[in-house]
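Notes follow once the structure below has been shown.
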Amino acid sequence: MSLGYAEKLSFIEDVGNVGMAEFFDPSHVFQEKVERLARMIQKSKHMVVFTGAGISTSCGIPDFRGPKGIWTLQRQGKALPEASLPFHRATPSTTHMALVEFEKAGILKFLISQNVDGLHLRSGIPREKLSELHGDSFMEQCPSCGAEYVRDFEIETIGLKETTRRCSKAGCGAKLRDTVLDWEDALPPKEMDPAAKHCKMADLVLCLGTRMTHLALKKCSFSSTFKILVVNNGLIASLAIWYPAIVIREFANYSCMQFAPKMPKGWWEDHNCESPDMPFNFQKTPKDKKASLVIHGRVDEVMTGVMGMLNMRIPPFIRIDLFQIIITQALSLDKKYVNWTLRIASVHGKQAPLPFIKSVEVSFTESLSMKAAVLYDQPLHLKRRTARSTKHLDVFLTLQFSAGCKCTHADLKIPVDFEIPTDSLKEEKDSIIEKLKERAVREACCGQTAVVERRGILVPKSEVIVHAIITNIILYGDSLEASSLSNGLLKRRNEGLMDSGICWKRTKGRKRTSRHRR
């Protein structure tokens, strides 16, 4: 998680157990268990995945309770860990992208996350198949109409507070709020209800990077064939399978997910289940006594091995950022010149930051002898004037990227003819972006750009051009070759198995609120 996020949380003295010991399985045991896990995934009909902070530690985001977690070091009186890159530039791990491939193949039906880093959405998990229980540091929501806005910068507040921006939906305009919960905020029904629905339908729940101490899945029940696999602690994977029932009890002052207590003699046999007697974890969890399979290993290695066993490839991650170039013009008082302003702005608003741009070098058609400039301070804008007789000029931009981008800069040529288009041209955005991604993979580099929207504004006289740009590309390698476990056991499932969709409407009737713990 982000150090900034931890600092924004309200103070709480007791944060629970931290800095617990970690364990690894011997290589031959590890291989055998990963093979078993792959077979279980193969047999599943409705797999749900639950993720915690541990799956993002390999992305350079410190966790809270790990050996080098934020709260662990605080308790030890040591300096806090430093993030290896800006929070907004964190990129999905092998595990994140493996889950994307599971979803595309119809294996993963729903994903529930405690994380606020936004990496599941950024990796490509559809919003309708994702519950972010604790919110998203990069998302704002309209409390009036429910519209969601995913930003490329970290929202400045947490605790469901009002931000400085308003809803852009026609007829709304309400002040937006952040979506990240503070300690005492209730879990939102919009996230809880679909999570509860899919847990009830699940025959397999894979838990990654969480100690399972704060699953606040309210009022859920599970089928008698339900299994849980837990992969805990990001760099390390702990996988557990619990048979068969997890009981969610709702009390006036109790909101935690409560696992079934020790069952009477013969209970497991009566329910046609194995007795849970084989705990596993990278770190031990409170639920190990109910585990029938434990894998101690690095979570990315576990997922790479599983993908190899399933004959599936981990897709590349390609990050696309959007920005807009706005050229505004007006005649001088003597009508001899055109005064114009060039702005390089965020698509989230003229005053919103462009976190991936460090500076912009601006130059012009050489014959016009116009002074070049370097823009450092945001909002990025430059004022110039040309003779009214000038009918055309070219503006050359070199965007210097900030830390965390895979390339240092990108060059653009912007033709300016001072004719404002009367009609808006909105390109097929999805199609253009897909072609841009294909080009990035083919060329194995970033910095490519494409225009996705162009429109004119009559007052003030302006032209707005929205660009998409590739700022990151990560190739995770061929999981079939990388995994020594691959033996062709499983084949990719047909696209026809894709889930048809999830209802996100709130259920009627009043429900008790749930409180969450991290």
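Cβ from N, Cα, C; glycine included.
Because TrEMBL annotations are produced automatically, they should be read as predictions rather than curated entries.
Per TrEMBL, active site, proton acceptor is recorded for His134.
Counting every protein chain shown, the number of other Cβ atoms lying within 10 Å of the Cβ of Cys142 (Zn(2+) binding site) is 20. Look at TrEMBL and you will find Cys142, Cys145, Cys167, Cys172 tagged as Zn(2+) binding site.
Over the domain 'Deacetylase sirtuin-type' (27-315), the average per-residue pLDDT in this prediction is 75. Per TrEMBL, domain 'Deacetylase sirtuin-type' is recorded for 27-315.
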Distance, Cys142 (Zn(2+) binding site) to His134 (active site, proton acceptor) (CA atoms, angstrom): 17
Cβ neighbour count (within 10 Å, all chains shown) around His134 (active site, proton acceptor): 26
Environment of Cys142, Cys145, Cys167, Cys172, the listed Zn(2+) site - residues of the same chain whose CB lies within 8 A of the CB centroid: Pro143, Ser144, Gly146, Ala147, Arg166, Ser168, Lys169, Gly173, Ala174, Leu176
Cys145 (Zn(2+) binding site) CB neighbourhood, other CB atoms within 10 A: 13
Least surrounded among the binding-site residues, given as Cys167, Cys172, when other CB atoms within 10 Å are counted: Cys172
